[in-house]
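If you look up Swiss-Prot, you'll see Cys153 marked as active site, acyl-thioester intermediate, on the strength of similarity to another entry. Annotated active site, proton acceptor per Swiss-Prot: His248, in sequence order, evidence recorded as similarity to another entry. Swiss-Prot lists Thr16, Gly17, Leu18, Val19, Ser183, Gly184, Asn335, Thr336 with the feature NADP(+) binding site, giving similarity to another entry as the kind of evidence.
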Amino acid sequence: MILMRRTLKAAILGATGLVGIEYVRMLSNHPYIKPAYLAGKGSVGKPYGEVVRWQTVGQVPKEIADMEIKPTDPKLMDDVDIIFSPLPQGAAGPVEEQFAKEGFPVISNSPDHRFDPDVPLLVPELNPHTISLIDEQRKRREWKGFIVTTPLCTAQGAAIPLGAIFKDYKMDGAFITTIQSLSGAGYPGIPSLDVVDNILPLGDGYDAKTIKEIFRILSEVKRNVDEPKLEDVSLAATTHRIATIHGHYEVLYVSFKEETAAEKVKETLENFRGEPQDLKLPTAPSKPIIVMNEDTRPQVYFDRWAGDIPGMSVVVGRLKQVNKRMIRLVSLIHNTVRGAAGGGILAAELLVEKGYIEK
């Protein structure tokens, strides 16, 4: 007997922004979550297709183009089941709390609640068990809805391969250098004179928040080894922006407490799977990590859309033994797909499967 799943109606806040656009694109083809309410600030009452600058592949879906932009008001969303919030830092926090108080499940790509102790910072393959924090959140805050956050795109590009390694090996450090695309700064983004013919350092503040998020994610990975303790692991990041459109490229030097073979780590990364793959969630790639063997791959232009769910796999390559206790690898993440909208949709699918969002 085939069980029919009801269609879940989604509201996308900031629907004309770069991440909002990816939510629209991906949900327009989703088997059971559909865009039903497109919220915006400056274009209320206007058709979506007339006001959006479609900064992604394809075109505005025909069934979406004539939908009106509506106010960001929970009282107008009686028939909405899920809120996706890629709102900017500062603006997002109070809006998301308002929706949770009104009983809505909120999936947030914003940093405003990422370090609230009762709010999951969810990477579904690494820490799916943390969704149980929702129960504590509801009890503590006395609301029927909830907020779940997804990490910074940069943090995910490192945390997914590092989490797979940290789970099975005595990793005691990682030193990360990032080369990040322009879309990570939103639209219209960075002035051209700042970034063309330049590499733009993002500064100590961005470095620090990247590391802080990676530490939280690693602290929640269920490990098969007992040491070293996380407090004995050294992490450092140096982050930069360059003039590519999509795709964050990261170089990681990973050190270990004992001799560790690069070939063994490579096999671990190739075989890494998580609960989304076991559950066959619609947006879960069959391989969350794709390992490339060519010495000149991954490349941003060719590989940011890699995988059977395009843009949802982290692509790893150039894996090399540096010394007996250190390896080097590079990772590539599509920052607005896996690193933002796609990660949010995957989180929602897990929450549906686990009963936190009504099927």
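The backbone N, Cα and C atoms fix where each Cβ goes, glycine too.
Positions of Swiss-Prot features highlighted on the structure.
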residue	record	contacts (Cβ under 8 Å, 6+ apart)
Thr16	NADP(+) binding site	Leu38, Gly40, Ser43, Tyr48, Val51, Val52, Arg53, Ile69
Gly17	NADP(+) binding site	Pro86, Gly186, Tyr187
Leu18	NADP(+) binding site	Gln55, Thr56, Ser183, Gly186, Tyr187, Thr336
Val19	NADP(+) binding site	Pro86, Asn109, Thr336, Ala340, Ala341
Cys153	active site, acyl-thioester intermediate	Gly184, His248, Ile333, Asn335, Thr336, Arg338, Gly339, Ala340
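One residue stands out among the binding-site residues Ser183, Asn335, Thr336 for having the most other Cβ atoms within 10 Å of its Cβ: Thr336. Taking all protein chains in view, 31 other C-beta atoms sit within 10 angstroms of the C-beta of His248 (active site, proton acceptor).
Residues Thr16, Gly17, Leu18, Val19, Ser183, Gly184, Asn335, Thr336 are recorded as binding NADP(+); their most distant pair of Cα atoms lies 17 Å apart. Taken residue by residue with DSSP, Thr336 (NADP(+) binding site) is part of neither helix nor strand, so it is coil. Other C-beta atoms found within 10 angstroms of the C-beta of Gly184 (NADP(+) binding site) number 25, with every protein chain shown included.
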